[in-house]
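Lifted from TrEMBL, the feature list:
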TRANSMEM  118-141  transmembrane segment
TRANSMEM  147-170  transmembrane segment
TRANSMEM  177-196  transmembrane segment
TRANSMEM  202-224  transmembrane segment
TRANSMEM  236-257  transmembrane segment
TRANSMEM  269-289  transmembrane segment
TRANSMEM  322-349  transmembrane segment
DOMAIN    323-504  domain 'Major facilitator superfamily (MFS) profile'
TRANSMEM  361-383  transmembrane segment
TRANSMEM  390-411  transmembrane segment
TRANSMEM  417-436  transmembrane segment
TRANSMEM  448-469  transmembrane segment
TRANSMEM  475-496  transmembrane segment
C-alpha cells in the first residue's frame with residue numbers, strides 16, 4: 001500500500017476534511033452501546049492527545065497531525081503511563097468499568113486473607129485466655145491483697161476505662177498510622193499490661209493499671225478484627241468462628257489457672273503464660289497486617305474521595321442510631337456473659353458449697369458452651385433467621401438461668417450454666433453482622449470500635465455491680481442479675497432496625 005503524501009503545511013480545508021471523516025466514522029458506531037463518542041484531538045507537549053482545547057487565537061493550521069499514529073502510540077503504552085483522563089477517553093473504551101478496576105486493585109490474595117484470619121484467631125485465643133482466667137483467680141487475688149468483693153471489682157472498672165479509651169481512639173488511630181499498624185500497636189500495649197500483671201502481686205493499684213492497659217489493647221483488637229471479618233464473604237460464619245476461638249481460650253485458662261494456684265504457685269505467675277504467647281502473636285500479626293493500610297472499600301466510596309480517611313466518619317458514627325442500639329445490646333450481652341463467667345466460681349464455692357476444682361470446671365464448662373455454640377450455631381441461625389434466632393435463644397437462656405437459680409443442686413447448676421453459654425454464644429456475631437448491613441462500610445472502623453468498646457464495657461460495669469451487691473447481699477445475686485440482663489437484651493434487640501437493606 002502506498003504511503004500518504006506528505007503535507008508540509010496543511011490548510012484549513014484539509015483539517016476540516018479530516019475532522020469530517022472522523023465524525024462520519026463515529027456516527028456509524030452510534031448504534032453500538034459499548035463504543036464511546038470520539039473526541040477531537042490535538043498535539044500537546046506530552047506527544048499524547050486530549051480534547052481540543054486550543055486557544056481561540058491560535059492559527060488554524062495543524063502541526064504534523066497524524067491521528068492514526070496518535071492512536072497507535074496510546075494503545076501501545078502501558079496503562080500505568082497513560083493519564084487518567086486519557087484512560088477514560090480511550091477508543092474503544094475498556095471492557096471493564098473503573099469500579100471493577102478499583103475493586104481488583106484492592107483485592108487481597110487468598111493466602112494473605114487466610115494468614116490474616118489465622119493471626120486474628122490466635123490473637124483472640126489469647127484474649128479469651130486472659131479474660132477467662134479472671135473469675136478463677138478472683139478468690140486468690142482477694143486473699144493475696146486482703147480485699148473484698150467491691151474492692152476487687154476495681155479491676156473491672158479499670159478494664160472499663162481501657163475500653164472507653166479504645167472506643168474513642170481506635171478508629172482515629174487506624175486512620176493515622178494505618179489499620180495494620182494500629183493492630184500491631186495494640187498487641188504491644190497488651191504485652192506491656194501482661195508484663196505488669198505477671199511481675200508482682202503486692203501492689204494492687206499497679207495491677208489495676210495492668211488491667212486498664214490490657215483492656216484498651218483488647219478492645220482495639222476487637223473493633224479492628226470485627227471490622228475486617230465483617231468485610232469477608234460469609235461474615236456470620238467467620239465472625240462466629242473468631243469469637244468461638246475466644247471461647248476456647250476462655251475455656252482452657254480457668255483450668256490452668258486453678259491447677260497452678262491450688263499447687264502453691266502465686267497467682268501472678270499465671271500471667272507469664274500470657275507474656276509467652278504475646279511475643280509470637282505480635283510477630284504473626286506484624287507479618288499478616290503490617291501492609292494493610294485500610295480496609296477494602298466499596299467502589300462507590302472509592303470514587304467519592306475515600307471517606308474512610310476522613311474524621312467525618314467518626315462523627316457520623318456517633319450520630320448513628322443503629323450503632324448505639326447495637327452497642328447497648330452488646331454491653332448487656334457481654335455484661336451477662338462476664339458476670340456469669342467471672343463470678344460463677346465464687347457462686348459455686350459459697351452458694352453451692354463446691355470445691356475449687358469443681359468451681360473451675362463449671363466456669364470452663366460455661367466458656368466451652370460459648371465456644372461450641374459460636375462454631376456450630378451460625379448455620380442454624382441462617383436457616384431460621386438471625387433476628388428470630390436471637391429472640392429464641394434469649395428465651396431459652398432465661399429458662400435455663402431460672403432452673404440454675406431455683407434448683408439448689410450443683411450438677412444442675414453446672415449443666416444449665418454450660419447450656420446458657422451455648423444459647424447466648426452467637427449474640428456477638430449476630431450484632432456485628434447486623435451492624436455490617438446497617439452501617440456504611442466507610443464507617444466500619446469507627447463503628448465497630450465503638451460497638452466493641454461500649455460492648456466490652458459491660459464486662460467491667462456489670463461485674464462491678466454484681467461485686468458491690470454481693471458485698472452487701474451475698475454472692476447469690478449473680479443469677480437474678482443475669483436473668484435481668486437477658487431480658488434487657490431482648491428489649492434492646494427488638495429496637496435494632498431490621499437490616500432489610502444496606503446503605504453504602
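Numbering starts at 1 and runs along the chain as it is shown here.
The backbone N, Cα and C atoms fix where each Cβ goes, glycine too.
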- Note on the structure: In the same chain, residues at least 6 away from the ends of the transmembrane segment (448-469) whose Cβ sits under 8 Å of its Cβ atoms read 131, 149-150, 152-154, 156-161, 163-164, 166-167, 170-171, 174, 215, 218-220, 222-224, 226-227, 230, 317-318, 323, 326-339, 342-343, 428, 431-432, 435, 477-478, 481, 485
- Ranking 177-196, 236-257, 269-289, 417-436, 475-496 by Cβ pairs under 8 Å to the transmembrane segment (390-411), which is first? 475-496
- Message: What residues elsewhere in the chain lie close to the transmembrane segment (269-289), defined as a C-beta under 8 angstroms and at least 6 residues from its ends?
- Response: 112, 115-116, 118-119, 122-123, 126, 129-130, 133, 137, 179-180, 183-184, 187-188, 190-191, 194-195, 197-198, 256-257, 260-261
- Task: For the transmembrane segment (361-383), could you work out the same-chain residues 6 or more beyond its ends whose Cβ comes under 8 Å from its Cβ atoms?
- Result: 128, 132, 135-136, 236-237, 240-241, 243-248, 250-252, 254-255, 337, 340-341, 344-345, 348, 354, 389, 413-414, 417-426, 428-430
- Query: With pairs 6 or more apart in sequence, are the transmembrane segment (147-170) and the transmembrane segment (417-436) linked by at least 3 Cβ pairs under 8 Å?
  - Reply: no
- Note on the structure: Other same-chain positions with a Cβ less than 8 Å from the transmembrane segment (202-224) and lying at least 6 residues past its termini are 123-124, 127, 130-131, 141, 145, 147, 151, 154-155, 157-163, 165-167, 169-171, 173-174, 179, 182-183, 185-187, 189-190, 192-194, 196, 445, 448-453, 456, 460
- Interface-richest range of 118-141, 177-196, 322-349, 417-436 toward the transmembrane segment (236-257), CB pairs under 8 Å: 118-141
- Note on the structure: Contact count check, CB pairs under 8 angstroms to the transmembrane segment (118-141), set 177-196, 417-436, 475-496; argmax is 177-196
